[in-house]
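Below is one structure, written out as structure tokens, with a few remarks after it.
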Amino acid sequence: MKNYLNINELDNLQTTVQEAIELKKNPMKYKSLGEDKTICLLFFNNSLRTRLSTQKAAQNLGLNAVVMNFGSEGWQLEYEDGTIMNEGKSEHVIEAAKVVSQYCDIVAIRAFASLTDKEQDEAEIVLNNFKKYANVPVVNLESSIGHPLQCLADAITMEEHKTTHKPKVVLSWAPHPKSLPHAVANSFIEMMQLQDADFVITHPEGYDLSPEIVKDSKVEYDQEKAFENADFVYTKNWSSYTDYGKVLRTDDEWMITGDKMKLTNNAKFMHCLPVRRNVVVADEVIDSENSLVIEQANNRTYSAQIVLKKILERK
Amino acid sequence: MKNYLNINELDNLQTTVQEAIELKKNPMKYKSLGEDKTICLLFFNNSLRTRLSTQKAAQNLGLNAVVMNFGSEGWQLEYEDGTIMNEGKSEHVIEAAKVVSQYCDIVAIRAFASLTDKEQDEAEIVLNNFKKYANVPVVNLESSIGHPLQCLADAITMEEHKTTHKPKVVLSWAPHPKSLPHAVANSFIEMMQLQDADFVITHPEGYDLSPEIVKDSKVEYDQEKAFENADFVYTKNWSSYTDYGKVLRTDDEWMITGDKMKLTNNAKFMHCLPVRRNVVVADEVIDSENSLVIEQANNRTYSAQIVLKKILERK
Amino acid sequence: MKNYLNINELDNLQTTVQEAIELKKNPMKYKSLGEDKTICLLFFNNSLRTRLSTQKAAQNLGLNAVVMNFGSEGWQLEYEDGTIMNEGKSEHVIEAAKVVSQYCDIVAIRAFASLTDKEQDEAEIVLNNFKKYANVPVVNLESSIGHPLQCLADAITMEEHKTTHKPKVVLSWAPHPKSLPHAVANSFIEMMQLQDADFVITHPEGYDLSPEIVKDSKVEYDQEKAFENADFVYTKNWSSYTDYGKVLRTDDEWMITGDKMKLTNNAKFMHCLPVRRNVVVADEVIDSENSLVIEQANNRTYSAQIVLKKILERK
């Protein structure tokens, strides 16, 4: 594997999930693989799980991790070609990407959606420019439109906890006071489209995600109907895609509650975190035995580690 | 030892001080102890000595140190149970503590007192919530009410420099323009209460520390009287505890000067740093041969290292 | 070598350049040299290349690198002797430098010029105070008046690309909307003064650099005349030195263009980066085959590595 910008760059999702589960049993097995090599983690946005789990994954592979908060510690980047750079931006991504490539063997980047400029967000200008100009593999630590290390961790977690061959998996929108990106939901959908499952997306009207992502995945606007017989309820808020970046409603009707979970087949509750308690999900659900959120976070280490391992091995 | 939140978690202070002095002679002796293990240092506040000395201690033990400025690099945490999280806080400490535990073997936390909410400060909400929810040992890098790595470094420094079996040790308040926490003074008192020494606390009226900390330690409101025959003068500013967080006076009457040091038994001068020269202490004192401030800072490495060693060895 | 504050601290520039070129062929050859040792990188200002390349150089030498953004993560420093520190500064550089020395074997510091106080900038108060009070070697990661790791990387790059024994090298001022320091230009001049080359500095009137740096180096106010037969064009903006820190002009007359490069002997284009495209240099020049800017950035690793190697070996 050269880069990891999207879940579809994996040769085979099911095989990769199995390899990650094997790795988790013996995480230090490949600790000489990254010897004398460096990964740079460039953060254009805040991070807790990604920051710590990717460093942990690197360490498990003997890979030196160098972390940089690009926005506050470096220089403001220009992404447009041919611009006369006489305003706020000090450095062009052409130089930045090529320069960073001189100092590391892998560059991993977090750059959230603006949620104000749909065209620019969909162009993935940060990630795609780094991919274009860097001379080393590029890993997506959550970009404008995807979070492929998260959905791989989610796939690992579901594989570990599924009790039937073809589970029913529901991706449910839930309320949130702020405008949030679509990246986690998008990548979860793309990952589910590679799985043998009964997959349903449920959200209020006005919250339809990009048709290029959703494709022919089933969408159900009635949350309770969607929950019937579900084995996994994956919850996430996102802002409107059509009325780009807008928060259309903040009432609690779509919050995940104990009563709604009773409609399911004793479903496992999943969320990528951070999560707002009693807004997105009631305490009774996230604190229940069926909650997998901590295990999802744990699997972020093995999701990152299997991806870095494949990149280091170039296979 | 499971956690290190307070000096009282040490089985035996005197033995630990001796072990630290031994470690200092050969700091790399246990460099395989932390192999393949990680410590996360979470800073909710600024730090120089703690940041660098704890990383150094970790390195000496072969322990991978991952540093995170939690406030600026992560998410704002909620500490209240049962809250509807629809305002500024993005993540609950329940998830944050459990998640961080997935990525490290020890978590160390700095979270200063607010100095505006006495009840909350005394509840040690950050540290105690991490202790409650983390699945790994928790180390205090200075909390609302204590700084147990500092007082252990102070104990090591006094042991190295004492010339009599039972020295006279004075903890003296000194002026400062800003409102400072009580943590260093509190921990110094708790440490001295475990020592065989003639211990006196001196400060102006209105600056009495928490009676739960001071207990029956001697308090003397006359600084010059307190200094008589002192072997060690440990200086620290703190804001009022009774009129919580207030600066009651900023005149220089209580500054540590050469003249005051002449009242002592050629006492050593100690301060945890950072220190404001010619406000807290006159140049002539901190620049004198009797000043131990740099050695105290040096011993922060061995204080952290002996604590991490005990935690890694679980003894 | 004890410290590296200035290119003149090298015994011999030409030999050092050759050693760096050798090191570049086998960068891990000395990876046991820094074993159990630590370098602290203290940043008082932003950095990309220096931050990453110095960490890479340290890793190549097996040296543990600890990075600290001193301004935002630590305490505000006082540099004046004898001050009554009752205002904004929390710690004196005397303590800061001595304390940091306890936790590392080398301290490396970036502290830019203020460009508002010429006297203070020329006194190099940050670097010189650390040099005065630290007990460990000090390395300059760009100070008020010099950037000796950059000019050493430049010397390596020129050595690798020169096609004649005594090349013509032009240092050309170029426009920039902001007030920039003199450090890179100063160090480049000092480095060139140690080389066997036909060296010319060209800039508009009013942009003369410090006579103490320029000495008897040739200055030519006609840019086009300076470019004639040049083998290397090294470009850099700086603010006025005489009208200290002022931007006297922002028109594009001095921008490096393809037409100007045609006046040269097929010269290589050099710049330390970050660079503003189409302000300092036209796309057609920086994107040409003659552009060495990425190779200069790459050589920052070997420039840092040879300097750290000499310091670790104390020779």
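Every residue gets a Cβ built from N, Cα and C, even glycine.
Here is what TrEMBL records for this protein:
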{"type": "BINDING", "residues": "B:Ser47, B:Leu48, B:Arg49, B:Thr50, B:Trp75, B:Arg110, B:His147, B:Pro148, B:Leu149, B:Gln150, B:Cys272, B:Leu273, B:Arg300", "note": "carbamoyl phosphate binding site"}
{"type": "BINDING", "residues": "B:Glu142, B:His176, B:Lys236, B:Arg276", "note": "N(2)-succinyl-L-ornithine binding site"}
{"type": "DOMAIN", "residues": "B:3-160", "note": "domain 'Aspartate/ornithine carbamoyltransferase carbamoyl-P binding'"}
{"type": "DOMAIN", "residues": "B:184-308", "note": "domain 'Aspartate/ornithine carbamoyltransferase Asp/Orn-binding'"}
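Annotation note: B:Lys236 (N(2)-succinyl-L-ornithine binding site) sits in a strand segment as assigned by DSSP. In sequence order, the binding-site residues near chain C, meaning those of B:Ser47, B:Glu142, B:His147, B:Leu149, B:Lys236, B:Arg276 whose CB lies under 8 Å from a CB of that chain, are B:Ser47, B:Arg276. By a Cβ separation below 8 angstroms, chain A lies close to these of the binding-site residues B:Ser47, B:Arg49, B:Trp75, B:Glu142, B:His147, B:Arg300: B:Trp75.
In sequence order, B:Glu142 are the binding-site residues from B:Glu142, B:His176, B:Lys236 with a C-alpha within 10 Å of the C-alpha of B:Leu149 (carbamoyl phosphate binding site). Taken through DSSP, the domain 'Aspartate/ornithine carbamoyltransferase Asp/Orn-binding' (B:184-308) splits into 42 helix, 20 strand, 63 coil. B:Arg49 (carbamoyl phosphate binding site) falls within a helix when secondary structure is assigned with DSSP. Take B:Ser47, B:Leu48, B:Arg49, B:Thr50, B:Trp75, B:Arg110, B:His147, B:Pro148, B:Leu149, B:Gln150, B:Cys272, B:Leu273, B:Arg300, the residues named in the record as contacts for carbamoyl phosphate: the widest Cα to Cα gap among them comes to 30 Å. A distance of 19 Å separates the Cα atom of B:His147 (carbamoyl phosphate binding site) from that of B:Arg276 (N(2)-succinyl-L-ornithine binding site). Across the structure, B:His176 (N(2)-succinyl-L-ornithine binding site) and B:Cys272 (carbamoyl phosphate binding site) are spaced 14 Å apart at their Cα atoms.
B:Glu142 (N(2)-succinyl-L-ornithine binding site) sits 11 Å from B:Arg49 (carbamoyl phosphate binding site), counting Cα to Cα. Of all the binding-site residues listed (B:Arg49, B:Arg276), B:Arg276 has the fewest other CB atoms within 10 A of its CB. Each residue in the domain 'Aspartate/ornithine carbamoyltransferase Asp/Orn-binding' (B:184-308) has a pLDDT score, and their mean in this model is 98. Under a cutoff of 8 A between CB atoms, and with a sequence separation of 6+ in the same chain, the neighbours of B:Lys236 (N(2)-succinyl-L-ornithine binding site) are B:Leu171, B:Ser172, B:Trp173, B:Ala174, B:Val184, B:Ala185, B:Phe188, B:His271, B:Cys272. Cβ-based neighbour count (10 Å, all protein chains) for B:Leu149 (carbamoyl phosphate binding site) stands at 28. Cβ neighbour count for B:His147 (carbamoyl phosphate binding site) (all protein chains, 10 Å cutoff from its Cβ): 26. A count of other CB atoms within 10 A of each Cβ picks out B:Arg300 as the most crowded of the binding-site residues B:His176, B:Arg300.
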